[in-house]
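Undergrad: Features from TrEMBL:
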DOMAIN    B:65-255  domain 'ABC transmembrane type-1'
TRANSMEM  B:12-37  transmembrane segment
TRANSMEM  B:69-91  transmembrane segment
TRANSMEM  B:103-124  transmembrane segment
TRANSMEM  B:136-159  transmembrane segment
TRANSMEM  B:187-214  transmembrane segment
TRANSMEM  B:234-255  transmembrane segment
Amino acid sequence: MSAESPLRTAPDPARVPAPAGRGPASGREAVLAAATDGGGAGAGTPAEAVRGRAARAGARRLLWALPPVALLAVFFLYPLVLVGRQSLQPDTGGTSLRPYADVFASAGFREALWTTVWLAPAATAGCLVLGFLLALVIAFVPFPGAKAVARFVDVFLSFPSFLVTLALLFVYGQVGMANGLWTDLTGAAEGPFRFLTTPWGVLLAEITYFTPFVMRPLLAAFAQLDTAQLEAASSLGARAPRIVRRIILPEALPALAAGGSLVLVLCLNEFGIVLFTGAKGVTTLPMLIYSKAILESDYPGACVVAVVNVLLSVGLYGLYRVVSRRAGA
Amino acid sequence: MLVHSRKAKWAVWVLFLVLFVPLFALPLLVVLGASLATHWSGVLPSGPTIDHYRAATRGEALQALTTSLLTALAASLLALAVGTWAALAAAALKKSHRRVMDALFVLPVAVPSVVVGLSVLVAFSQPPLLLNGTRWIVILAHTVLVTAFAHQSVSAAIVRLDPAYEQAAASLGAGPARVLWRVRLPLLLPSLTAAAGLCFALSMGELSATMMLYPPDWTPLPVLIHAATDRGALFAGSAVAVVLMAATLLVLFAVSRVRTRASYR
């Protein structure tokens with residue numbers, strides 16, 4: 001939306017559109033424009049001078065956006081382009097699609113691709129449901145210590161993800177807590193819990209680790225929600241499920257969409273949890289990139305997997321954002 | 001305020017505890033317990049000791065802690081500056097330009113951190129900018145990774161800003177710079193501190209890109225923890241992990257002191 005649109009469309013100063021995210025300059029111009037226009041004094045203003053001023057302001061704003069974009073281009077986009085280039089340069093020299101053919105033909109790659117692709121949505125769904133329920137309780141059924149729990153959720157983000165797997169080793173590992181409890185209770189020689197080295201162990205760790213990423217934006221959104229709405233609905237006889245569905249959920253949708261898309265991509269890209277699981281049966285794409293680049297020094301191969309992984313996560317993330325925008329989130 | 005009867009409240013709280021404790025509190029407690037133990041073969045750990053903490057607060061581990069703190073501090077300050085600048089600049093742009101810019105700055109979230117590590121390694125192991133083997137490559141990668149998070153949370157806060165304040169200030173004659181400094185930034189302060197905390201925490205726990213990049217003389221804590229647990233020293237690794245958590249918690253606490261108004265309910 002350009003700065004000149006209020007000039008053309010604003011007949012009533014009270015209804016001057018005030019779109020969120022206006023720059024200081026445009027906000028000021030909107031107010032001035034509304035004041036002159038609404039006062040009926042705008043008729044004498046030469047339209048061309050106004051348009052010229054708006055164009056200059058637009059150019060200035062673009063100029064202000066340039067430095068951060070330039071930094072991003074040098075330190076992020078340019079390296080990515082180099083990865084794309086390296087993926088087309090096999091160690092034997094020249095430029096060819098051979099690295100792609102080699103990687104796509106390997107069974108290890110296809111298995112890693114499949115594991116990555118089903119684990120991420122499953123973990124995301126779990127995180128969304130769990131995160132919404134927990135954030136709801138913290139924000140709207142507060143108990144003594146609810147603030148401490150919210151702070152605790154923040155700390156969880158600082159947890160290196162593979163530490164969740166480490167903790168799960170002590171809980172569900174071969175000689176961990178759960179199996180220890182089982183052998184103590186039943187007298188059996190071994191406990192029944194041995195899912196940690198399977199994809200299910202990775203799934204549990206990912207849901208545990210990423211749920212706070214959903215809760216955090218949700219709690220922020222809930223903190224801005226006007227509680228008068230809830231009180232009003234409640235005093236008019238709405239029960240809790242209805243209030244959640246009709247008032248809280250619509251308010252929470254942007255946060256849910258943001259958190260959900262973030263978690264989906266972070267799960268696609270998760271490395272620490274899988275690295276630490278150390279199971280031969282569970283290899284995801286990021287794990288494959290690491291082992292090809294650092295352990296095997298196969299840079300073209302690693303770059304090929306990297307390109308595939310980037311296309312997958314960026315594509316899914318873009319799709320998710322478009323869909324959630326369509327859904328009105 | 002959502003559930004009014006006493007009984008229903010208790011039911012909700014019990015459900016909360018049943019979900020929360022095993023999933024979130026237990027892992028932390030388990031790591032804490034393991035860091036103070038030498039064996040774990042039953043329900044509870046055994047062989048209490050504080051030797052792991054002695055090792056975790058000196059020598060190699062202490063150096064790793066300093067490394068992590070410095071890296072996270074540098075990365076989150078840089079990311080906050082660039083991310084906030086980008087968010088403010090994008091907010092002033094036309095809608096189509098703003099979309100492009102938002103998409104650009106969201107990209108580092110969508111790109112796997114392992115790939116960011118790989119790409120930085122590929123790009124800065126060759127001229128014109130040779131950073132491989134220095135600490136700067138680690139700081140650079142962390143900055144790239146957390147800038148996206150800073151930008152996202154700041155621009156989300158800008159969208160929620162009530163434009164009435166800045167319009168009032170502007171209509172009273174305040175210039176754009178003054179409006180930015182005296183109205184918008186103070187209104188954004190809670191989100192800025194929250195973003196700084198998030199960036200710091202993420203950088204402290206960053207492993208994937210760091211594993212691809214770290215030089216021997218710049219080993220952050222997560223790498224050290226991984227090295228310890230990888231060679232089977234699970235209990236010593238847990239102690240270092242507790243140190244990492246404590247350090248992060250302290251910094252987050254200090255950051256939240258700066259936070260003025262916005263609070264969780």
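Cβ coordinates come from backbone N, Cα and C, glycine included.
A TrEMBL annotation is a machine prediction, not a hand-curated record.
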Undergrad: Considering only Cβ pairs within less than 8 angstroms, which of the stretches B:12-37, B:103-124, B:187-214, B:234-255 has the most against the transmembrane segment (B:136-159)?
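TA: By Cβ pairs under 8 Å, B:187-214 leads among B:12-37, B:103-124, B:187-214, B:234-255.
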Undergrad: With an 8 Å cut-off on Cβ pairs and a sequence gap of 6 or more, do the transmembrane segment (B:103-124) and the transmembrane segment (B:12-37) reach 3 or more such pairs?
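TA: Not in contact, no.
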Undergrad: Six or more residues out from either end of the transmembrane segment (B:12-37), which same-chain residues have a Cβ under 8 Å from its Cβ atoms?
TA: 3, 44-50, 52-53, 56, 234-235, 238-239, 241-242, 245
Undergrad: For the transmembrane segment (B:187-214), give me same-chain residues lying six or more residues beyond its boundaries with a C-beta closer than 8 angstroms to one of its C-beta atoms, as numbers and ranges.
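TA: Distal contacts: 68-69, 71-73, 75-77, 79-80, 83-84, 112-114, 116-118, 120-121, 132, 137-138, 141-142, 145-146, 149-150, 153-154, 156-158, 161, 165, 220-223, 226, 244, 247-248, 251-252, 255-256, 258-262.
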